[in-house]
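Chemist: Can you keep this structure in mind? I'll have questions shortly.
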Amino acid sequence: MGPLSAPPCTQRITWKGLLLTALLLNFWNLPTTAQVTIEAEPTKVSKGKDVLLLVHNLPQNLAGYIWYKGQMKDLYHYITSYVVDGQIIIYGPAYSGRETVYSNASLLIQNVTREDAGSYTLHIVKRGDGTRGETGHFTFTLYLETPKPSISSSNLYPREDMEAVSLTCDPETPDASYLWWMNGQSLPMTHSLQLSKNKRTLFLFGVTKYTAGPYECEIRNPVSASRSDPVTLNLLPKLPKPYITINNLNPRENKDVLAFTCEPKSENYTYIWWLNGQSLPVSPRVKRPIENRILILPSVTRNETGPYQCEIQDRYGGIRSYPVTLNVLYGPDLPRIYPSFTYYHSGENLYLSCFADSNPPAEYSWTINGKFQLSGQKLFIPQITTKHSGLYACSVRNSATGMESSKSMTVKVSAPSGTGHLPGLNPL
């Protein structure tokens, strides 16, 4: 700190004596052009330390001065005042017992606390030459000593070149900056090493032996700096991405035997099979050799298309294959004919459609009384007559499965004398 004038031999008066002093100071409260400046020593203030608010450019013929906490010049914010005549010091409501005022108007605050940070106002008055009081303001920020940081990791045991890891510097500290070190060197930013916006979190993408550490983080503010203990990631051996081979991706429902094989083969891995994201349950229908690398399904249904995955595991964890989905061939099922009306009147339009569940989609054809009419799912005959009565059949065929099926219905057409078809319906 700079040189100080020794504190005067003073009379110490409580804030209640302020009223008399205020009357004295206000007597000389006239305009002035003098410029008072205030600076802090040290310039960066930390908790528990001392700070001196050092005043420069004091006017001549000083009558006295008043210090306030904040920028409001009122009794509530009044810390202390000094009257040159009589070297009188008066303490106000904002005085904490840690402030020392000097004859050069400087204010020493000892053992600074959080509550001390902020703005201070100095009001100075002159006497006798027609000048008036002058006000100076100063604000300081309190910095805490940085704590010793520690590094937390999303995963201390990542798979080599496979898994991402985030390292976070704890604790989160206000008014502080974060620095990272790897192998004792300032951290280089690459595509595999990225920092969060506030630099508190470090992201590592695809950790290798060259980026496993050790890592250190540092918390720094204007008054202190602290560095963490080193943290090194423990790389686990890289697992190969498994894949599935299969003897038939287009099996026929309830006919073809399927064999799934999980590659690559290794005695060091355990194999697990998954169906629709669930571990494949033990079932009489599912056969697995002892090593479990091969999965055999004696038959498959349309509800077992998958996806299928296999997983290889070592003692540290596992990795799954890409999913494989089967194209199960089935059908055609027994077709259905819509609508199911069987009675019509002459002059009405006949419109029938046929549907059968099938993969791939079935081929459709229509016959009337055993005589081929047309191919397709829909049959339309405008203004039917009694001659259109007979047995209507829809035949379906799946060329992939080699299966066929058919459905028939009897249609009766009444003579023109009636109106509207009968209400009775014959469900198929």
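Note that Cβ sites are derived from N, Cα and C of the backbone, with glycine treated the same way.
Pulled the feature table from Swiss-Prot, pasting it below:
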- C169-C217: disulfide bond (DISULFID)
- C262-C310: disulfide bond (DISULFID)
- C354-C394: disulfide bond (DISULFID)
- 35-144: domain 'Ig-like V-type' (DOMAIN)
- 147-234: domain 'Ig-like C2-type 1' (DOMAIN)
- 240-327: domain 'Ig-like C2-type 2' (DOMAIN)
- 335-410: domain 'Ig-like C2-type 3' (DOMAIN)
- N104: N-linked glycosylation site (CARBOHYD)
- N111: N-linked glycosylation site (CARBOHYD)
- N268: N-linked glycosylation site (CARBOHYD)
- N303: N-linked glycosylation site (CARBOHYD)
- 1-34: signal peptide (SIGNAL)
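Tell me about the setting of these features in this model.
Modeler: Remark: C169 (disulfide bond) has P149, S150, I151, Y178, W180, R200, T201, L202, C217, I219, S228 as non-local neighbours, by Cβ distance under 8 Å and separation of at least 6 in sequence.
Sequence-distant contacts (6 or more apart, same chain, Cβ under 8 Å) of C262 (disulfide bond) comprise P242, Y243, I244, Y271, W273, R293, I294, L295, C310, I312, S321. According to its DSSP assignment, C262 (disulfide bond) is in a strand.
Cβ environment of C394 (disulfide bond): P335, I337, L352, C354, Y364, S365, W366, S406, K407, S408 lie under 8 Å away, each six or more residues apart in the same chain.
Across the domain 'Ig-like V-type' (35-144), the DSSP tally of helix, strand and coil residues reads 6 helix, 55 strand, 49 coil.
Sorting the domain 'Ig-like C2-type 1' (147-234) by DSSP state (H, G, I as helix; E, B as strand; all else coil) yields 0 helix, 39 strand, 49 coil.
On the 0 to 100 pLDDT scale, the domain 'Ig-like C2-type 2' (240-327) averages 90 in this prediction.
Counting every protein chain shown, the number of other Cβ atoms lying within 10 Å of the Cβ of N104 (N-linked glycosylation site) is 17.
Its Cβ taken as reference, N111 (N-linked glycosylation site) is surrounded by 11 other Cβ atoms within 10 Å in the chains shown.
In this view, N268 (N-linked glycosylation site) is surrounded by 10 other Cβ atoms within 10 Å of its Cβ, with every protein chain counted.
N303 (N-linked glycosylation site) falls within neither a helix nor a strand when secondary structure is assigned with DSSP, and so counts as coil.
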Chemist: Would you mind pulling the DSSP three-state label for C354 (disulfide bond)?
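Modeler: DSSP assigns C354 (disulfide bond) to strand.
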Chemist: Taking Cα atoms as reference points, which of the glycosylation sites N104, N111, N303 is nearest to N268 (N-linked glycosylation site)?
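Modeler: That would be N303, nearest by Cα distance.
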Chemist: Looking at the disulfide-bonded residues C217, C354, which sits with the largest number of other Cβ atoms within 10 Å of its Cβ?
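Modeler: Output for this query is C217.
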Chemist: Among the recorded positions listed here, N303, C310, which has the most company in the form of other Cβ atoms within 10 Å of its Cβ?
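Modeler: Compared across N303, C310, the most Cβ atoms within 10 Å surround C310.
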Chemist: Roughly how many Å lie between the Cα atoms of N303 (N-linked glycosylation site) and N111 (N-linked glycosylation site), rounded to a whole value?
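Modeler: Their Cα atoms are separated by 76 Å.
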Chemist: In DSSP terms, helix, strand or coil for C394 (disulfide bond)?
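Modeler: SS state of C394 (disulfide bond) = strand.
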